[in-house]
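Engineer: The structure is given below, and queries will be raised subsequently.
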C-alpha cells in the first residue's frame, strides 16, 4: 500500500472547491450552470482505488465469517486509517490525535458496558424476586377467594333460611289477624243478642208490673196521685237509663274485652319484636354481602392488575437462569456443584459462581498490578509496579488469617489493624515478600464472601466492622462451650436436650423462646426428640479445614446481627426522626437509655464517641450546654454504630398500662 501517491484531488479543476454561497441566489444559479457546462473529468487516483479494494475484500471476509462482531468490522477501517497516518507524514500528528481520541472513546464505552454487567445481574435477581412474590400473592389470592366463596355460600344459605322464617311468621300473623276478625264478629253477635234479651226482659217486667196493678187496685187506691207521680218518675228514670245505654252502645259498641285485647296486644308485640329482629338480621346480612361483593370486585381487579403486571414482567424481564448448566463448567464436576448449590437461592448461587470464577482467575494470574500511593489506597497495598501472585490454597489463606488473629489478640501495644496486618506479613515472610502476600491475601478475601474467616477479616481490615465484634463473638462461643462443659458432670462430651436448653437460657437470658428454639434446632433438636436424648455438644463448635463453622455457631452469628439491627431500629423509632435529619448528642443518649435502661455510663460514652466520631476525653459532660452543639445526621450515626459491638444489656422496661 505504500506505493506512489497520487496528488488527487489537489490539482483538480477549480470547480471542485466548495464555496459557501446562498442556495437560491442568482450567483448560485450561475455557478451551477457553469458547473453543468464543465463537468468534472478528474479520474480517481490509484492509491484510493487500492484502499477501497482492500477495504472491500476485508469486509467480504468478515461477512463470510460466522462470529464477526462490530469490533472486528472496525479493524479494516482502523488499518486503512493507519496507512493514511504512515503515508501522509505531514498530517500524521493530527490523524494520530484523531485516532487516539476515537480509540479512547471506544475504550470508555467498553468500560461503561463492563460496568453495567452487574446491573444486568441485579435485574435478573429482582425479576426472580418479583416472580416469587407474584406466585405467592396468586396462591394467597386463590386461597382467599376460596374462603370468600365458602363464606358467600354460607351467607346465602343463611339469607334463605331467614327469608323462610320471615314468610312463616308473615303467614302466622295473617292467620292470627283472621282469627281476631272472627272473634270480633262472634262477640259482636253476642252483644246484639244480649241487647235483644235485655229489651225483652224489660218488656216482660213492665207487663208484669201493669198486670200486678190491674189485679190489685186496692193496694194503690189510697193514693193515685202518688202512684201516678211514681210512675212518671220511673218512666223518666227509664228514659234516662235508655239514653245512657244508647250512649254507651254508641261509644263502646266496638270495644272488646280487656283480657282479649291485652292477649292480642302481647301477641302482636312479640311478633313485632321478631319482625324487627329479622329485619335487623337481614339488613346486617345484606350489608355483609355488599361488603363481600366489594371485596370480591376489588380482589378481581387486583388479580387482573397483577396478571397484567406478570405478563409485562414475563415479556420484558430476563428468563430465570438454568443453574444446572454450571455443573459441567465448575471444577469438580456435578458432584461438587451439587454440594455448593445445596440449600441456596439464586442470589447465593450467583455469589458461589462469582467465587468460583474469581478463584479461577486468581489461579491464572501470575502478577497483580500495583494500586499506587494514593490516599484512598490502604497502607498495606501502596505499591507501584507488578506484584507477584503467591497462589496459596484456600486452606493456606484461612490458616494464615487464623494465625494473624492469634497474634493480634496476644498483642499488648495495639496499632491500627491494617498496620498490624502488614507488620505481621513482614515478620512472617520478610520485607521482600510482604507486599506480594498482602496483595495475594487481599484479593482472596475480597472474593470469598461465603467463607466466615475471610469475610470477617476483610470487613475488619476495610473498617466496615470493628475487631471487637469478632473478639466478642469468639468470647461468647468460648463462654457457651465452658458452660456446657460445666454441665457435663461425666465429662463425656454429651448433654441431654433438657440440659442443652437450660444452658442456652442461662447463657442468653435476653433471647426469646423462639430464638432458643432456633438454636436448639441448629444443634440437632427435632420435634420428635425427647428431653432425655443425648447431644454431642463438642461437635457443635467444630470447624472444617477452610474455617467454616457448624450451623449452630452460624445461627449464633445470624441472631447477633439480627439483634443488632433490631436494636438500632428501636433506637430510630424512639428518636422519632427521619434518617436524613440531624440528631444531637443528648437526644441520642436519651434514646439509648430509654430502650436499654441497664446501660452503664461508660458504655453509653463509648457508643456516643463512635456515633459522633469524638474521643471520649473531648466529649462534653452530661448536662453541659456544649452537648447541644454536637450534632450528626441520624443515618451516619446509625451506620457508625453498626460497625461496633452494640447490643442490648438488659430488658426494656414495660410501658405502663393505661
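Including glycine, each Cβ sits where the backbone N, Cα and C put it.
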Engineer: Looking at 21-61, 62-102, 103-143, 144-184, which one is coiled coil according to Swiss-Prot?
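Structural biologist: My reading of Swiss-Prot: the coiled coil range is 144-184.
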Engineer: Which residues of the same chain, at least 6 past either end of the coiled coil (144-184), have a Cβ under 8 Å from a Cβ in it?
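Structural biologist: Distant Cβ neighbours of the coiled coil (144-184) are 256, 260, 264, 267, 271, 274-275, 278, 281-282, 285, 288-289, 292, 295-296, 299.
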Engineer: Over the coiled coil (230-295), what is the model's average pLDDT?
Structural biologist: 88
